[in-house]
């Protein structure tokens, strides 16, 4: 699948890994619809091939409207799920037991939201004419927490583990439609989630990465997205993008 002239949808595309992906896609010649809760000012500065659609990824109608906007630009070929959130709550703590509503919120956004965008995006892609061997590709974002969850990450790890777990069966589901599904599991990246940390703390985190011993650059995530789009044999796979880190319990 060639990225040039393709129509892509990126959730969470106004910041962090999603914004880096959006910029990479635009640089490669794609048209991009950024789906996010806020960030129209950011997207407005990216040029006329970038559009903004405000939507909660768990909202079926809002996501459908965003995909309708993408369809108006041409056949949708690429969907990248970067929207997500997290919390740090122990099952039992001084504050009491983990609130069920807090657990559900994380799973709803990270797992159910990803699936919602995936299924509606797949429906659009399946209606397009094949280009060579395929119609399109869907790329999801998990986390190394799916494999090495730390203390306080029960909800986050469960949500990202769900994204990992559904990758292969959905790739098999969509194979007959000529749609690929791949998941990226990033490690420690320099994103807005870490923006509040002092420089010394971020440097300390980076030193935990075996090689290269630093935080990942969001552009490196975007580079992998482009490679996945253009490599037709990448399908049903979860790729750890983490510098060989394996997270300690805390």
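Using the three backbone atoms N, Cα and C, a Cβ is placed for every residue, glycine included.
What you are looking at is a predicted structure, and each value in this text was computed from that prediction instead of being measured.
Feature annotations, reproduced from Swiss-Prot:
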- 156: active site, proton acceptor (ACT_SITE)
- 15, 17, 36, 56, 57, 82, 156, 160, 189, 191: NAD(+) binding site (BINDING)
- 143: substrate binding site (BINDING)
All-chain count of other Cβ atoms within 10 Å of residue 36 (NAD(+) binding site): 26
CB within-chain contacts under 8 A for residue 143 (substrate binding site), separation at least 6: 156, 157, 160, 185, 186
Neighbour count (Cβ, 10 Å) for residue 189 (NAD(+) binding site): 19
Neighbour tally for residue 57 (NAD(+) binding site), based on other Cβ positions within 10 Å of its Cβ: 27
In three-state DSSP terms, the structure that the residue listed as 'active site, proton acceptor' belongs to: helix
